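> Got a structure here, written out as structure tokens. Questions coming.
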Amino acid sequence: MSEQLVTPENVTTKDGKINLLDLNRQQMREFFKDLGEKTFRADQVMKWMYHYCCDNFDEMTDINKVLRGKLKEVAEIRAPEVVEEQRSSDGTIKWAIAVGDQRVETVYIPEDDRATLCVSSQVGCALECKFCSTAQQGFNRNLRVSEIIGQVWRAAKIVGAAKVTGQRPITNVVMMGMGEPLLNLNNVVPAMEIMLDDFGFGLSKRRVTLSTSGVVPALDKLGDMIDVALAISLHAPNDEIRDEIVPINKKYNIETFLAAVRRYLEKSNANQGRVTIEYVMLDHVNDGTEHAHQLAELLKDTPCKINLIPWNPFPDAPYGRSSNSRIDRFSKVLMSYGFTTIVRKTRGDDIDAACGQLAGDVIDRTKRTLRKRMQGEAIDIKAV
């Protein structure tokens, strides 16, 4: 269980009210104790907040009027607002969500048997992966708990209101939007706790996935804080290529990264013994059959399934998209070694909502010193 105290950074209004979306259940119970109330009131309010997407205390009919009045004086339920919506021809929806004076992007991906929400963890990204649009926008700041879980809350409210249109409720959440989640563990972990909590969104730990590019110290801490499904952004079969396209590899190389992954798998039940490998296919960079053989050798001791991701272009990018024939040959080599290999279907590329295309609106792109410091750091992570 993570611990994040209710501090001034949780105060979101000029009147000094606490945003209850910033609190996991443990913190919510402490909040109600401080109000002189029984802790079960926290569970009641959380159920209203997350099961019914309710942000109005007056609508919480099993809460007495006196307590509702007290809550209105000291607290609020404020999710970030959607400022723009784009709908793809394939049913994918991308929302631009206002966080202060910036925007992040959240993507809803419906399928026949599920609906996945891709959630952002930072405004921009500090890791500067060369093939990713988000990285080219620079880095501004970490998102708070309310800004992370608020993306899920806002999407659930929109989708819930649209049930008559047949939109599927959210069944899966992937921390694969803007940012590196492991560089924001103090906010990402409490948000994921709310996703898993029965009084929160009640998702299975196998249906909440965190994706990382390889912040090794933070990955080791993650396993002591929460158990969720893990995906790793590998994208290269050797250090030479990965140093170039995923610069954090210069600090934590592939061998070090995969060793940390195996340590996480030993602790985790959510992953059922194997990790998901994400591998973006860049034309004549990492997509040759020789690269496939190298990748198979590299992963022989790491139980995994492999997702091959056709690269999604963005303006001024230095790469090209691998042809279907090159992807097919690459996939067949991996399968010949016995790896479960899936070529990910591109979704939402007509609205720039596909993998690697999220950019948001990062107002301050000048924080290069902070960005460099954050590369490879697990900053001020608390675990209890």
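Quick reminder: no glycine exception, Cβ is built from N, Cα and C everywhere.
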> Name the one residue among Ser211, Ser325, Ser331, Ser336 that Swiss-Prot lists for the same S-adenosyl-L-methionine site as Gly179, Glu180, Ser233, Leu234, His235, Asn312.
Ser211
> About how far apart, in whole Å, are the alpha carbons (Cα) of Glu105 (active site, proton acceptor) and His235 (S-adenosyl-L-methionine binding site)?
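With the alpha carbons as reference points, the distance is 23 Å.
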> List the same-chain residues at least 6 positions away in sequence whose Cβ sits under 8 Å from the Cβ of Leu234 (S-adenosyl-L-methionine binding site), in sequence order, or say none.
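Those within reach of Leu234 (S-adenosyl-L-methionine binding site), by Cβ under 8 Å and sequence separation of 6 or more, are Arg242, Ile254, Phe257, Ile277, Glu278, Tyr279.
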> Could you measure between Cys125 ([4Fe-4S] cluster binding site) and Ser233 (S-adenosyl-L-methionine binding site) for me? Cα positions, answer in whole angstrom.
14
> Based on DSSP, name the secondary structure state of Leu234 (S-adenosyl-L-methionine binding site): helix, strand or coil.
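The three-state answer is coil.
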